Amino acid sequence: MPRPIHGQSTYLPGLDGIRAVAVTLVLLYHLQVPGFGGGLLGVGVFFTLSGFLITSLLIAARERTGRLGLRTFWIRRARRLLPAVVLVLAATIVTAAIVVPDKLGTYTGQAFSALFYVNNWHTIASDSSYFDRFGGPSPLSHMWSLSIEEQFYIVWPLVLALFYIALRRRWLMSVVTLLLALGSFYLLATLAETGFDNTRAYEGTDTRAGGLLLGAALAFWWPARAHQATHNQRCFIDALGIAGLGTILYLSTTTNDSSQSLYTSGIAVLTVATMGVLIAAVTPSTFIATLLSIQPFRWIGERSYGIYLWHMPLVAFLPGIIRGDSPLVSSIVVVVATLILASLSWRYVEDPIRRYGFRAALTTPRLPEDTLRAALLTTLITIFTGIARTLAGIRRRITAEPDADADADADAHAHAHEQAPEPATAWDDPAPAQLEPSPLREEPVDVAATRIVEEPVDVTPPEPATPGGSIEPSAADTRRFALPTAITVLKSAPSVLNLAPAPQAYSSIGVDSDASEPEPAHSTRRRSPARAVTSAVLVVGLAISAMVGVSYLNPDLPVVSALYQPDTEGSGVEVDDAPKADRSGPTLPAAQRRTKCATVIHVGDSTSIGMNDAGMQPNPALRLSGRYREYGAKQYVSDVVGGRSSMERLNDEPNATESIDSDLARGLRGCWVVAMGINDTANVEVGGQGPVDMRIDNLMKPLAGQPVLWPTIATNSLNENPAYDNKAMRNFNRALVRACKRYPNLRVYDWAGELHQDWFLDGVHYTEAGYIERARRFAVALATVYPATDLPSSGCVLKSTDALATTQ
């Protein structure tokens, strides 16, 4: 996040490193990078960091002024959070109107809930799921976490004010905060249920407040300020930080979003681990603080808010087939577009409003180099500088001649890195300073003519001339902020280009000071409202173009096809070890086959509802019941309930095992079609009782001696819930083939090997055409494996309903 804009702040770069780690984990999770199924825990890292920093700010304000400064605090929250949210919501809604107009109403409702920071409760109240993702992710599904944080920003300062009135002692406040956090974790573990959708537990403010509150508890005794430590203390703190960082990475790579351990222990352990990293990150001389302060981490961390906001719409508008079958293309497109949008949004919209407020940002003077052209020029100069230095280093190594000037330059920069104090930051705020440091002055290192050099700069806030007064800007700096770099030409050496950070001036009383702004010098340009609004409109327009563009990606494009990796593993049913008859069928074309089964009992879940639904298929002959009769059955019995499995109950409906027992108790006998397995597979994947072989046995044992046809299962690339992934479905299909050896009355029809992906409506359910084809093929399969007059198919597995026997 950004460097501070007021003088009571100390920059702690390690905190930006934590943000970089957290937002990277979230991106890896949403991009479905293998091995990072627990990347959603990055949100938990953000929660703990936010609770820690916000509480540190409020405590520092109380100690400095005797008040919490709630009005100032909330204004700064609005300045920091609202601009980017408005840009993202506007771009997303316009893109949805162009790309998926049928979902515009749904997305608009989500957008309004996100704008007013109640998105998590909107999702819960509408009985939506964060996890099913059968139709692909929503572009605004990530806004729930920002809603929880903003709700915390509103409520927690009031609670803290009450603490100062009622409790007064800081240790007592930390104990009460700790108890509140434990209560939240307990509620999280209690509300989560194995094998069921846990959106309520995952997105509830009450259940996720634990991470924020533990961060707040840490701030009472180890606030966000630069802590000094002895060598032994640093070693201990580093051990905490390394263990914490290792735990975060371990949980992110070994947990998935459907693990029950996520709720019972994972999020709580993650929070404690994050606290360990925070302790080390705010102790500047530790190894962890140094590691997290490297420039790439700081750059990503400063823009982490925008990266988090922009990445999800880009992921969601990618076609499902690209997301599912070409993760490399998805990752490249999303990461590049996200970084561009986050950078532009930050530079031209968010940062001016953060510094000056909504109104003043339209007219505040700016330097000429604060333009996209100057930024590009600076970047090119930096790149060429690095190349020149690399080539010079290679030449020195080849000639084995030391370069004294280069050594001096390196030493000077190393010394500057050790001593130059940095401004501080929070998720959206700086960390409070413990002491007002005295200014450090460093002289630039002069090198030979025609060489490009970097000049260190004093970034320490100057001491105020009078207590509570403001610092007058120098002639070289007529604004309250400067670009990261400014290009100047040394007068003493016209051929030498100096790339130096521009000097910064800070107000000793912060952004809400009443001190007047300095008059713009001749080197500044005044912003116009029209130009500022145009900048925001251009960012939104670029975002819409990017989102619409990614929605049109397809495997036929040359750049995509080169990296396209379609799923070619099939259904998982490859070998049929069952005994083969000397003569086998079918010998008749599919349309002429008839079954010997007079009564057909169809046991199924939600994937069977559409096959016999009058609303989906008004023609009775094309429904499942009509198809079974067309192929020889006299009686059809439907035992279909949505969301069912062989063991778990949903909404107090009997599970499939109980339902079959009830059917048998009623005297039903005949041929059974068991179209089950998708939910059983998913439930085992999320920690339900297993293995799937046991679940198959639960349904097959009561049906001993009666013919059973069991179609294989599959899902679509639109489904992005790992528990319902086709890799898991293939494991179930292999278990079905193994069951053939235990149950001679079982036949397996490889429906998953014959279906077309365009028959799917979402990740699991089918279109009208898909249900018509599914019903027809089920009936043909039944007539093929249990024929009335034809020869039965060979072995246990029927691979195709259309193929005729090759040997007769």
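Backbone N, Cα and C define each Cβ position, glycine as well.
Taken from TrEMBL as is:
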| type | residues | note |
| --- | --- | --- |
| COMPBIAS | 410-420 | compositional bias 'Basic and acidic residues' |
| DOMAIN | 13-345 | domain 'Acyltransferase 3' |
| REGION | 402-438 | region 'Disordered' |
| REGION | 453-475 | region 'Disordered' |
| REGION | 509-530 | region 'Disordered' |
| REGION | 567-593 | region 'Disordered' |
| TRANSMEM | 37-60 | transmembrane segment |
| TRANSMEM | 81-100 | transmembrane segment |
| TRANSMEM | 151-167 | transmembrane segment |
| TRANSMEM | 172-189 | transmembrane segment |
| TRANSMEM | 209-224 | transmembrane segment |
| TRANSMEM | 236-253 | transmembrane segment |
| TRANSMEM | 265-293 | transmembrane segment |
| TRANSMEM | 305-322 | transmembrane segment |
| TRANSMEM | 328-349 | transmembrane segment |
| TRANSMEM | 532-553 | transmembrane segment |
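Between the transmembrane segment (172-189) and the transmembrane segment (265-293), three or more CB pairs separated by 6 or more residues in sequence fall under 8 Å, so the two stretches touch. Outside the transmembrane segment (81-100), and at least 6 residues removed from its termini, the chain residues within Cβ reach (under 8 Å) are 107-108, 111, 114-115, 139-140, 146, 150, 305-306, 309-310, 313, 317, 345-346, 349-350, 353-354, 428, 536, 539-540, 543-544, 547-548, 551. For the transmembrane segment (532-553), the list of distant contacts is 83, 87-88, 90-92, 94-95, 98-99, 139, 310, 313-314, 317-319, 322, 329, 333-334, 337, 340-341, 344-345, 348-349, 352, 361-362, 560: same-chain residues at least six beyond its ends, Cβ to Cβ under 8 Å. Same-chain neighbours of the transmembrane segment (265-293): 12-18, 20-21, 38, 41, 44-45, 47-49, 52, 181, 185, 188-189, 208, 210-211, 214-215, 218, 222, 224-229, 234, 237-238, 240-245, 247-248, 251, 255, 259, 431, counting only residues six or more beyond its ends whose CB sits under 8 Å from a CB of the stretch. Within its own chain, the transmembrane segment (236-253) is flanked in space by residues 21, 25, 28-29, 35-39, 41-42, 45, 229, 266, 269-270, 272-277, 279-281, 283, 286-289, which lie at least six positions past its ends and keep a Cβ under 8 Å from the stretch. The average pLDDT for the domain 'Acyltransferase 3' (13-345) in the predicted structure is 92.
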